[in-house]
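Per TrEMBL, the feature compositional bias 'Basic and acidic residues' maps to 196-210. Per TrEMBL, region 'Disordered' is recorded for 193-212.
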Amino acid sequence: MSARVALVSSERGLRVDPDLPIAAPALRAAGLAVDLVRWDDPDVDWADYDLAVVRSCWDYAWRRAEFLAWAAAVPRLRNPVEVLAWNTDKAHLRDLVAAGLPVVPTVWDPTDVAALPEAGEWVVKPSISAGSRDTARWTQPAAVLGHVAELTAAGRTAMVQPYLASVDDAGETAMLFLGGRFSHAVRKGPLLQRGEGVRQDRDSRGDLRAVEPTPEQRAIAQAVFDAVPSLVPGAAPVLYARIDLVADAGGSPVVLELELAEPSLFLPQAPDGALAQLVAAVEDAIR
Ligand SMILES: Nc1ncnc2c1ncn2[C@@H]1O[C@H](COP(=O)(O)OP(=O)(O)O)[C@@H](O)[C@H]1O
Ligand SMILES: [Mg+2]
């Protein structure tokens, strides 16, 4: 009998995640029985699957406790629940900093102008968020502090970063790892417009394309990837990882995001070979 794999998504993810219609047929062609399922579907028996792969559970950001409780109850899950718990709060970026890895300079819950990072423009984001929800770009320190105060009043943790202008032209470089190794890189364009404030509906990115990363980007992404097992000790190996790099004010690559929970893999843009690497990684995780 063929091994059974669940590609785990959400109500919206099942409709719009562009990776699913590429990944599912490729896994089926390799002889696996694949179901596309919602993580919150009460009728699914997760013990039936040889592997459940978290893909586009994008609604976890406002249902995180429920999502992590679900993940803890799934017998064979990738990425493993310990990794999901650590990664779904951007507070994990502090662990990367402590490990000596280059991360976008970030100030947590600042309450006065003097505490803001040196910049002419800032980004404010909640530490638990996805799809740029409740995230905004500001030119006035008072607006920054107002946004922070709104988030903290709601019991959330606020992060303030310099707005890295390199994102406007060079964009963001998503470094994808499948199985234990690097797979491909995709350039993403900018997302936050000056003056637009907080928006909840930024979800499509038109300008995605495969790029060849620089040796420096390769080295930094690899160092971040290699650090994960020591930062989440005891967890099963990750099946997929995405490390989003941007250039800092001096032009050096720094980590904007480490995505181990529900990274888009950009399969529509991925070069030949990425899909085969994904299939091999899934087969490996089943064994
Ligand atoms: N410090 C920053 N400088 C420039 N752009 C940023 C910065 N932080 C976030 N952004 C923009 O906002 C988007 C979403 O922020 P990100 O940190 O990736 O969180 P998430 O993707 O989880 O919502 C990024 O893809 C980028 O376009
Ligand atoms: Mg992001």
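Just so you know, the numbers here start at 1 and follow the chain as drawn.
Positions of Cβ are set from backbone N, Cα and C atoms, glycine also.
Sequence-distant contacts of the region 'Disordered' (193-212) (same chain, six or more residues past either end, CB-CB distance under 8 Å): 16, 121, 131-137, 139, 147, 171, 173, 184-187, 266, 268-271. Sorting the region 'Disordered' (193-212) by DSSP state (H, G, I as helix; E, B as strand; all else coil) yields 0 helix, 4 strand, 16 coil.
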